[in-house]
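Per TrEMBL, the features are as follows:
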type    : residues                          : note
BINDING : 152-156, ARG255, 311-315, 337-342 : ATP binding site
DOMAIN  : 35-122                            : domain 'Phosphagen kinase N-terminal'
DOMAIN  : 149-381                           : domain 'Phosphagen kinase C-terminal'
Amino acid sequence: MWKVKPPIAFPMETRYRPILESLVPPDPMSRLHLRRFSADEEFPDLSRNSTWMARILTPAMYRRQFHRCTQSGVIFDDVIRPGLEEPGERPTPESVGCVAGDAQCYVLFCDFFDRVIEAHHQHEISGQAPEGDFNYDNLKGTCDFDSSYAVRCEASVVRGVEDFCFPTHCSRGERRQLLTLARRALLRLEEEELPGRFLPLEELDQEQQRELNLEPPSAYQLRIGTARDWPDARAVWVSKDGSLVVWVNMDDHLRLVSTRDDGNIVEAFKCVCINLQKLEGFYRELRHPFTWKQQLGWVSSSPADVGTGLRIRVHLRLQHLPGHKRLQDVLRRLRVCMHATTESPALYCVSNAATFGRSEVGLTQLVVDGVKLLVAMEKRLEDGRDIDELVPTQK
């Protein structure tokens with residue numbers, strides 16, 4: 001397990017100090033007149049909290065962040081609110097337990113965010129994020145999965161838009177402006193070669209909502225602020241051939257999803273890559289590029305999605321492997337995660353555990369190799385054989 005040790009020095013703060021001092025006026029909290037007591041009195045109870053936020057946050061770190069505020073008004077308590085609302089279950093953390101209200105949070109609260117990112121993604125932050133790779137031809141080996149086991153696959157990617165607060169903190173006006181930008185960019189995508197429909201959520205009837213598997217906002221989304229003013233300025237764009245869906249102003253500014261009812265993950269990844277790069281160009285022409293940080297790569301509201309923002313999911317039909325005693329060790333070595341779905345007791349979703357530290361092709365290859373190995377293990381267990389010799393080394 002990735003162990004979190006208390007910091008002795010604060011190199012990230014030292015590195016960013018000129019930026020911090022230039023961006024934020026002295027004691028910005030004095031302008032807000034919030035009725036708060038001292039940092040020690042305001043420190044939250046984390047004794048029953050199992051998120052990465054709770055493991056990393058100390059009273060000393062909280063005191064350093066306490067009087068800081070971004071230019072758009074995000075304070076540190078806004079950052080850690082998700083982890084306080086959803087403390088998670090022990091023994092191991094699955095949730096980061098924090099969100100960024102805007103892109104400046106990753107600089108202003110870098111001492112905290114950098115350690116959360118390193119712990120969650122199990123990758124050390126260096127001076128430069130890994131170079132992106134959207135060339136799907138770089139995937140190695142055959143990516144055709146056995147259809148008896150792989151029943152569905154999905155590739156998705158999230159992006160934040162520069163100069164706008166993230167959904168937990170943005171205003172109604174910002175959200176509506178983001179919707180306008182998305183409409184213009186997606187119209188360009190339609191004109192290029194991918195016809196589709198732009199559907200504001202407030203105009204969808206119940207039948208359309210069912211087709212899109214659209215659920216009402218959860219209590220958690222309402223508590224942390226992503227579902228404020230629902231469904232105002234939320235929309236979904238659906239390609240005519242059904243190969244691509246783009247969600248606007250949901251948990252993130254943009255989320256592109258390509259889903260297939262087979263195991264052809266290469267085609268899903270290819271669809272996302274091609275159209276994401278086109279949208280990136282359109283947004284740049286509109287003078288609102290996607291949000292990028294040199295040390296982190298692409299950033300959005302959740303530190304769990306920094307780097308690439310890419311999620312590769314494959315739904316597998318498994319009967320024997322889920323109950324095997326070595327499964328968790330195998331998943332840890334493969335750097336993938338697996339959880340049961342609600343559709344069937346024998347249907348499991350396998351996905352990449354991290355989005356930071358590897359390129360887009362590298363993450364996809366990780367899931368492809370992992371799925372192949374899990375299927376090979378399932379076949380062995382079906383035949384009554386052992387899987388010990390198939391257990392991989394740490395990826």
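Cβ atoms are placed via backbone N, Cα and C, with glycine included.
According to DSSP, the domain 'Phosphagen kinase N-terminal' (35-122) comprises 43 helix, 2 strand, 43 coil. All chains included, 29 other C-beta atoms sit within 10 angstroms of the C-beta of ALA155 (ATP binding site). Cβ neighbours within 10 Å of MET338 (ATP binding site), excluding its own Cβ and spanning all shown chains: 22. If you draw a 10 Å sphere around the CB of THR341 (ATP binding site), it holds 13 other CB atoms from the protein chains shown. Mean per-residue pLDDT, taken over the domain 'Phosphagen kinase C-terminal' (149-381), amounts to 93. If you take the C-beta of ARG152 (ATP binding site) and look for same-chain residues 6 or more apart in sequence within under 8 angstroms, you find THR259, ARG260, ASP261, ASP262, GLY263, VAL314, HIS315.
Compared over the binding-site residues ARG311, VAL314, the count of CB atoms lying within 10 A of a residue's CB peaks at VAL314.
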